[in-house]
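These come from TrEMBL:
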COMPBIAS  370-385  compositional bias 'Low complexity'
REGION    358-385  region 'Disordered'
TRANSMEM  26-55  transmembrane segment
TRANSMEM  76-94  transmembrane segment
TRANSMEM  132-152  transmembrane segment
TRANSMEM  164-188  transmembrane segment
TRANSMEM  209-232  transmembrane segment
TRANSMEM  238-259  transmembrane segment
TRANSMEM  271-293  transmembrane segment
TRANSMEM  313-333  transmembrane segment
Amino acid sequence: MISAFTSLAASLGLNPQDPGFWMPLAFMAMLFVLILAGTVLDGFDLGVGMLLQLAPPAERGRMMTLLSPWRDANEFWLLLGVGLFAAAFPFAWGVVLGQLYTPLTLMLLGAVLRSVSFEFRFRARNEHKPRWLFAFWAGSLMTAFGQGMVLGRIATNYQGLPGYTFFSVFVGLCAVAGYVLLGSTWLVMRVEGDLQRRAVNWARHAIRWAAAGMVAIAVTLGLANAGIFYKWSNLSHLGLAVSTWGAMLLGFVTTEMVLARLPTRAERFSWVPFVLCVCLFLLMMGGLAYSLFPYLILDDMTIWDGAASPGSLRLVLAGAVVAIPLILVFNILSYRSVFGKEKPPRLALPAAASAAVASAPGTGGGAGGSSPAAAAPAAPATGKS
């Protein structure tokens, strides 16, 4: 690993200890982590949002409530990633923004619509709530489709011919299926009963479209760029290619086999499809990063060409070193229960039932007299057991 970085620095005419060499790499690593977190953690949020219109009306409010503990954290990752990319790689940002104007605008509008509709839905009157649910569904669909179009445009190196445009649209639809798969498997892990059975069915319908999108991106990257094709087909890297494709194939097959056997009474393996889907997303993003490295724009602009000056990067790094650990601590606390089963709400004992219990024989509240404890007013419910 060290020798590889030394060789890379030498090819650029830089010293490995030079901030102009390692700082852009450090920011690229941070950006990759943020994109991974946003893809997975905001991904199940997007998937559940797009499933709202397929769920029975009685279950839609329940699905929205399931998302509420992580809503603010989920939408934060990709926004932070975009901000970090613009600050650390301003020269690349100018080019990318021009090439990805349409899908990025779609993603921004979708994110705003999701945030507004989620907050207003909980404050709206009952007759207006379906409208805000529909708006949340539309915002989720716009965001997922926009992200897929970004992947398609990157895979085709921003070519503008009609065939490449249709390919980007196809990848956008497959991204929708991928996020639906992630959201469905998350619901399988979180809920029980009829909604869980529906989620299993949704996941089984989405998994093959998600697989088609991942294969399409990989094949197009290799065919559209000779350097990427050589990187994956070279004998010295053949083991990596075989292990990556083998792991993805095994992941898809295992996920479909487990889904075919769910739901079960034991609920022992309900978490397996979600974890496998997360691994598949990580494999895809890792393969994409390996294919593109060290370019931000294929065959045109490397990480170092697009980076800001070392002085500017130091300022950005100073802010990131302070902010990112705090954000990570907050999000770790927020995501502690993301894998657990849904907990039914604790309801306070109705007043009539409390009076009946207090007047029952043996409680001190019968005709024989009442104790001070029985005569005291009931304490308000705290929601804690």
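Backbone N, Cα and C define each Cβ position, glycine as well.
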Beyond the flanks of the transmembrane segment (164-188) by at least 6 residues, Cβ under 8 Å: 40, 43-51, 63, 66, 103, 140-141, 144-149, 151-153, 155-156, 195-196, 199-200, 202-203, 206-207, 209-210, 212-214, 216-217, 220, 255, 259, 262-263, 270, 273-274, 276-278, 281
Any contact, the transmembrane segment (209-232) to the transmembrane segment (271-293), with at least 3 Cβ pairs under 8 A: yes
Segment proximity, the transmembrane segment (76-94) to the transmembrane segment (313-333), 3 or more C-beta pairs under 8 Å: yes
